[in-house]
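What Swiss-Prot annotates here:
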type	residues	note
DOMAIN	2-67	domain 'BTB'
DOMAIN	102-176	domain 'BACK'
REPEAT	216-261	repeat 'Kelch 1'
REPEAT	262-307	repeat 'Kelch 2'
REPEAT	309-354	repeat 'Kelch 3'
REPEAT	356-403	repeat 'Kelch 4'
REPEAT	405-449	repeat 'Kelch 5'
REPEAT	452-498	repeat 'Kelch 6'
């Protein structure tokens with residue numbers, strides 16, 4: 001019986017010539033045309049046992065592919081060009097791809113030009129980017145490859161600070177490619193992370209490129225009232241879907257987002273004041289009742305800073321309160337601050353440089369009802385008076401933007417809405433052009449370059465140019481609207497001395 005001799009790494013294997021003749025694959029057709037009898041055909045880059053498996057497939061149309069042998073069989077099938085076996089191997093590898101092997105699969109697919117495996121491994125890296133940074137192979141990704149991965153619209157990062165930590169870890173292994181840092185968008189980063197990068201001697205150039213990472217864009221949470229039940233919905237920029245998170249039957253409450261959880265504070269249920277605070281995780285949709293506030297109150301002013309929820313003032317039955325307290329996320333104890341100088345409800349509170357500013361609202365007792373224009377600032381553990389607002393306002397909505405405060409007033413006793421800017425360093429109020437007039441609730445959010453206002457429609461106000469853009473949007477029955485990013489960066493005053501500790505904490509929090 002005639003046979004063809006193959007030599008693989010010094011080992012000889014004889015193959016019946018009839019198998020070669022019957023083969024439909026180009027590799028074996030070429031052997032039929034050019035093979036010289038008795039001359040061994042040397043096969044390089046192929047495993048002996050993998051070649052045996054391919055011969056079995058040619059004989060019986062069956063092949064035993066496992067996790068342990070799939071790579072060597074695939075290499076042999078690619079070199080010898082047996083498409084059915086290539087497809088079987090690729091399917092096996094894709095089925096078993098995970099965050100611990102996806103970079104190796106990615107490199108393997110590039111080496112042998114396997115597009116399906118390349119796409120699947122790239123998708124796995126994109127979906128598990130924070131986990132794959134622990135892979136020793138992560139630092140071997142090229143600058144262009146990492147740029148492609150981090151520029152993908154669906155890369156699984158939920159804040160630009162996370163992108164920064166991924167880049168810093170890669171730069172540690174690739175110090176000659178520090179300019180990759182320019183793919184960051186500083187306007188989506190915290191000041192703390194920007195300072196840390198600056199202390200490392202890195203400079204982020206101002207980018208005019210569009211933001212491609214959907215996950216770092218603003219999430220939206222909306223509470224809408226319908227038939228006495230309010231429905232909570234959450235919009236994820238990464239998935240581009242709205243999901244129903246849950247319902248609440250409260251009225252006259254306030255709400256805030258902190259660490260991807262929505263806190264619903266105080267208010268009334270069935271016309272009765274409550275002092276409980278409920279929290280729903282916007283990702284898992286799980287509810288938790290946290291420790292009660294110090295008293296029953298509604299129409300409180302709330303703000304968040306450094307992982308803490310602050311509740312200030314409010315209405316205790318018919319009397320305004322000056323109580324100020326905060327709850328740190330993940331803890332169960334409310335911490336009291338000194339009381340406000342002037343008790344109030346329905347005012348606004350906002351943080352600027354770790355100081356709390358409270359403005360406007362109503363001071364009321366059983367005998368008095370006073371609409372306020374005064375402003376208080378909590379700094380160095382005490383409340384101090386600041387320059388009053390230009391007018392008295394019972395309803396105020398305020399937001400910090402670029403180190404100053406922008407305040408929009410509601411309409412009750414007033415005849416129209418007002419827009420003010422409070423210049424913090426000068427303790428000075430100035431009045432700005434107000435584009436619209438709206439009777440009813442409003443919601444104000446800081447969104448990078450602009451301030452978003454939800455009123456009778458959607459408005460974008462650009463402070464630097466003092467311009468407005470109007471968008472048609474149904475706002476009926478909206479009880480709460482907020483845009484937020486998932487900021488969980490440890491907050492501290494980063495210095496050269498504290499920088500290693502800060503980066504270590506960020507790596508543990510973001511990348512493990």
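Any Cβ shown, glycine's included, is placed from N, Cα and C.
Sequence-distant contacts of the repeat 'Kelch 5' (405-449), counting only residues of its own chain at least 6 positions beyond either end whose CB sits under 8 Å from a CB of the stretch, comprise 187-188, 218, 348, 350, 352-353, 357, 359-360, 371, 375, 386-399, 455-457, 459-464, 466, 468, 470, 478-484.
DSSP assignment over the repeat 'Kelch 1' (216-261) gives 1 helix, 31 strand, 14 coil.
Ranked by the number of CB pairs under 8 Å to the repeat 'Kelch 1' (216-261), the listed stretches 309-354, 356-403, 452-498 are led by 452-498. DSSP labels the residues of the domain 'BACK' (102-176) in these numbers: 55 helix, 0 strand, 20 coil.
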